[in-house]
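To start, the structure under review is shown below, and the notes come after it.
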Amino acid sequence: MFGKLINSIGVQENGNDSNNYERIETYAAEEEIMLSDNNNNNKLQPKMAKDEDDIVNVKNIRDDMRKYVVACAIFASLNSVLLGYDVGVMSGAIIFIQQDLKITETQQEILVGILSILSLLGSLAGGKISDTIGRKWTIALSCIVFQSGAAIMALAPSYQILMIGRLLAGIGIGFGIMIAPVYIADISPSIARGSLTSFPEIFINLGILLGYISNYVFSGLPVHSNWRIMLGVGIAPSVFLGFALFIIPESPRWLVMQNRIEEARTVLLKTYDNTKEVDERLAEIQMAARIVNADKYKEKAVWLEILNPSPAIKRMLITGCGIQCFQQISGIDATVYYSPTIFKDAGIKGNTELFAATVAVGFTKKMFIFVALFLIDKLGRKPLLYISTIGMTISLFCLSFTLTFLGDQRFGIGLAILFVCSNVAFFSVGIGPICWVVSSEIFPLRLRAQASGLGAVGSRVSSGVICMSFLTFLAPSRWEGRSSCSR
């Protein structure tokens, strides 16, 4: 799978992307390099086997560079597994937490939704911290904070201690969801940036699937221990990420911003084909970071520029932050967090059948993110957004109709599972990954970290509000649905 992925990233064209997007920073045109390479290959065709061997060697070097960039994107995205796993595992763990700790429905809503609110603290602080200690070590910090929170939650003897662990886990996740797309955008060649920047969404979906599987596997254990094991297993991805920190480099853009030019050049040599292209890219980054042509830009505090934006920056903020909020207002986190509750209302009774249905949802969400990965740089961002939002709207309308009029029927159960799966499928093929791509691409370098953090704040607050009110709004609809079915 990843072999095909690497090859596709290597050959994707950026034509549609450039038609749909007018990027803020000037990126090198890889198409010119490819054309130049093709011309050189045509000239080399009449030559002897030695020259053909040279061509093969060049191709192998480029393959190694692609693999290196993809590996860095994968490792950086492991943080996103933490968010996805928490979303997936909490959907089932909350059932057993309620039985073990005897918490109320309101406490359930707070426990589920508060992580999204708390993660905004990490997102807000993440921009400044990443500019201070670097993108790489901000990823490391997020791991440490999340591990601490997950350990406290797994060992919590009471609801109050559980909430303390939730606080730390939320802050750690806030760091992670802000920094991963920024790091990947910093290190990726422009020809593959759309695909690689969608990796965090891929790994969020992987985490959700693993969380659902964890619910299914451990649900048969005693109530006092099963939810603790479910939450404790979430530490594993951050352990892997700790080892990955010895492999991935620091962001070349951050190194340039710190005036560590030679270190940045060393990193770029690992991700671009030749020294000429590296020098061109380095000059562009230096210009964007106001190091070479510092007098061309007026120094301005980043947050002041965000709070008092020019018309151009205002449009960027509306687009980048707005899409982050709308992504969560669509209710996707509530659908994923409370999918066992939805299926229980549809008529599924046993825990085994309940968690098997949620695994189907997680598998669907995971598979359709690969569809987006292969289409995002070919069809462009806007067409996928149209397809995604229209499909989600139809799916949610059909789901609400099914739960209201066909609840507790075998046919209704099948339709409920189908429409939940179609909802997450349309989300994964469009607004899910594109949200991260747009928010990392649209902002200029000087604003990218803070503006991405601000967008993540809007996303998390929207998610928290939806998740902390879902059960409250669901209660009267359950009564009305049963009344209509009994008439």
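Cβ atoms are placed via backbone N, Cα and C, with glycine included.
Copied from TrEMBL, the annotated features are:
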- 68-98: transmembrane segment (TRANSMEM)
- 72-487: domain 'Major facilitator superfamily (MFS) profile' (DOMAIN)
- 110-127: transmembrane segment (TRANSMEM)
- 139-157: transmembrane segment (TRANSMEM)
- 163-184: transmembrane segment (TRANSMEM)
- 196-217: transmembrane segment (TRANSMEM)
- 229-248: transmembrane segment (TRANSMEM)
- 354-377: transmembrane segment (TRANSMEM)
- 383-406: transmembrane segment (TRANSMEM)
- 413-439: transmembrane segment (TRANSMEM)
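The transmembrane segment (413-439) and the transmembrane segment (354-377) are in contact, since at least 3 Cβ pairs between them lie under 8 Å (pairs 6 or more apart in sequence). Here the transmembrane segment (229-248) sits against the transmembrane segment (196-217); at least 3 CB pairs are under 8 Å, leaving out pairs fewer than 6 apart in sequence.
Of the candidate ranges 110-127, 139-157, 196-217, 196-217 has the most C-beta pairs within less than 8 angstroms of the transmembrane segment (68-98). Nonlocal intrachain contacts for the transmembrane segment (110-127), taken as residues 6+ away from its ends with a CB within less than 8 angstroms of a stretch CB, comprise 83, 86, 90, 94, 97, 103, 138, 142, 145, 159, 162-163, 166-167, 169-179, 328, 333, 337-338, 449-454, 456-457, 460-470. Looking only at the domain 'Major facilitator superfamily (MFS) profile' (72-487), the predicted model's pLDDT averages out at 81. Long-range Cβ contacts of the transmembrane segment (196-217) within its own chain (Cβ-Cβ under 8 Å, at least 6 residues beyond either end) map to 9, 69-70, 73-74, 76-93, 177, 180-181, 184-185, 188, 230, 233-234, 237, 336, 340, 352, 355-356, 358-359, 361-363, 365-366, 369-370, 372-373, 376, 428, 432-437, 440-441.
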